[in-house]
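Database features (TrEMBL):
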type	residues	note
TRANSMEM	B:6-24	transmembrane segment
TRANSMEM	B:31-51	transmembrane segment
TRANSMEM	B:108-125	transmembrane segment
DOMAIN	B:127-417	domain 'NADH:quinone oxidoreductase/Mrp antiporter transmembrane'
TRANSMEM	B:131-149	transmembrane segment
TRANSMEM	B:161-183	transmembrane segment
TRANSMEM	B:203-225	transmembrane segment
TRANSMEM	B:237-256	transmembrane segment
TRANSMEM	B:323-346	transmembrane segment
TRANSMEM	B:367-385	transmembrane segment
TRANSMEM	B:405-425	transmembrane segment
TRANSMEM	B:446-472	transmembrane segment
TRANSMEM	B:478-496	transmembrane segment
Amino acid sequence: MGSIILHLAARYLMPLLLVFSVFLLIRGHNEIGGGFVGGLVAAAAFILYAIANNVQEARRILRVHPRALIASGLLVALSSGLVGWLTGKPFMTGLWLKDPLPVIGKIGTPLMFDVGVYLVVVGVTLLIIFTLAEE
Amino acid sequence: MQTVLLPLLIPLVFIVLTLFAWNAPRLQRMLSLFGSSALLLAALSLLAQVQTGEIAVTQIGNWPAPYGITLVADLFSAIMLTITGVVAVLVAIYSLEGIDENRVAHGFYPLFFALLMGVCGAFLTGDIFNLYVWFEVMLMASFVLMALGGERAQLEGAIKYVILNLTSSALFLSATGILYSVAGTLNMADLSIRLPEVNSPGLVTTIAMLYLVAFGIKAAIFPLFFWLPASYHTPPVAVTALFSGLLTKVGVYSLVRVFTLLFLTDVAFTHTVLLVLGGFTMVVGVLGAAAQYDMRRLLSFHIVSQIGYLLMGLGLYSRAGLASTIFFMAHVIAAKAALFLVAGIIRRVSGSFDLRRVGGLYRDQPWLAILFLIPALSLAGLPPLSGFFGKLALVRAGLAQGQYAIVAVSLAVSLLTLFSMTKIWMEAFWKPIPEKAPSQNREAGYKFSLVFPALAMGLISVVLGVLAQPVYGLADQAAGVLMQPALYAAAVLGGLR
């Protein structure tokens, strides 16, 4: 605790890690990446911050309770499956927008599902680590 | 056509809702009532749909079978889902009073729905690897439910439970790996067509035995049952009733599914093994119960014993045998859950689960005695309750197949079950209050939310007895579908073959 090098490094690494996690999330599906890895990287960013400062600080900059992330992630993943269902196709049918968006690329329900996974992974990992770190 | 999905989606939706309502325990309790009722309604509508003889199928993600994951509901699945819905509603009501604030604050209700989702998934899936995944969902939830509350005895029970179930999962996964390497598919309908064509029948039988051990641990059959009486008595009664109603029965369901759909290449061997194990399970379970004085442990041994009857019907491998197993499943879940719930009320009224420390309840609480007597006599198999008809059907099926030994064993075990129930009756209700008994607390036990589920479970047992003919008819129809794997395969694979 209290190492100035770690403290400074964490401040610069954290935004990089978060951006990288979103990159991994969007890159997934056809290439290596996806919600699970992306979520782990994002969780690692907050854990690094918690090591460099302390758990209360990390909780503060996360703003929401990890449990809320788990619940929202489940909700997003569930909704991605329901989109197919509501359009009369089987549950979880992959539906894509026709035209790719700039930077992000083609988006569709599999990406939405991955976003759900991302949120759940961040939530679960942080819930476990924060709880253990506070003991 | 998508009603198949509802029993999966409803618990998932309610996991999310109860997670959002984490800090509002009262709201979570309300949600649990809504969620379990919705599940029951969904199961009933599915039952009405498949009762016409249709096998409801949906291909998740629109990937055609056998490449994607298929959800299938035949009549057997729909009956199991309906039972699950009934147990869920009644346990949710019982939990209003039976689960304390502390456990709710630590996530009892999200786990309750996660368990239900796992159970429903296992009943619905048409893919054997997916079945493994649902088992894991169910087990994860059950591990936490068992340890939730963190009492010393609970943690001890939970460790035994977790280790044995992880062993079973490892075997399940290995067997699935070997099965895939042999048959090249994991879709159960596809497997049912390809396995008879595999030219090394010895290997298929070996895989069948691996599955028997894996599911046998979950279903608590002889000689793999010992984790159950070592752990089921530790969590709160509502959790035990839920486990006894659903978890071991998922094991039995899986055994029935794989031994009526997949492993039919060497019926003379595999199903005889099932029959013999069924006989031993009955005897050992009931003898184990005779030595117990803790009501919950005693009843846990009876779970094991009753599993033997379920195996007996499967081992006979005839339409009548399977129909009896399905009927008996409905009976035993209701009777068992009722007994556990009543044991919970006895504990609240008299202050102890230990039969040596309670007594005199018949004089003070005659209504409680009747509440106990109905499921107890039903479990022992006295007419006109459901247990009598379940056993009658099994005995008739056994005689029709010429399996006199198992019939004799099942009747003898029935008598021992009656003895065991009489023991609880004599100790808890009949004998005078022992001197060092804890003080009685009449008020604590008589809450509507505690008495109603116990009474309802007991009444279900009576109704199953009175309406034995139509219920058995339904079970017989389900068994008819199970005996024709080609129907299942055709429904799943559609026009592919």
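Each Cβ is built from the backbone N, Cα and C atoms, and glycine gets one as well.
Bear in mind that the values here come from a model prediction, so they are computed numbers and not experimental data.
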Range from B:6-24, B:31-51, B:478-496 with the greatest count of C-beta pairs under 8 A to the transmembrane segment (B:108-125): B:6-24
Same-chain residue ranges lying at least 6 outside the transmembrane segment (B:31-51) that approach it to Cβ under 8 Å: 3-4, 6-7, 10-11, 13-14, 17-18, 21, 73-75, 77-79, 81-82, 84-86, 88-89, 91-93, 95-96, 109, 112-113, 116, 120, 474, 477
Distant-in-sequence neighbours of the transmembrane segment (B:6-24), which means Cβ under 8 A and at least six residues beyond its ends: 31-32, 34-35, 38-39, 42-43, 45-46, 71, 81, 84-85, 107, 109-110, 113-114, 116-117, 120-121, 123-124
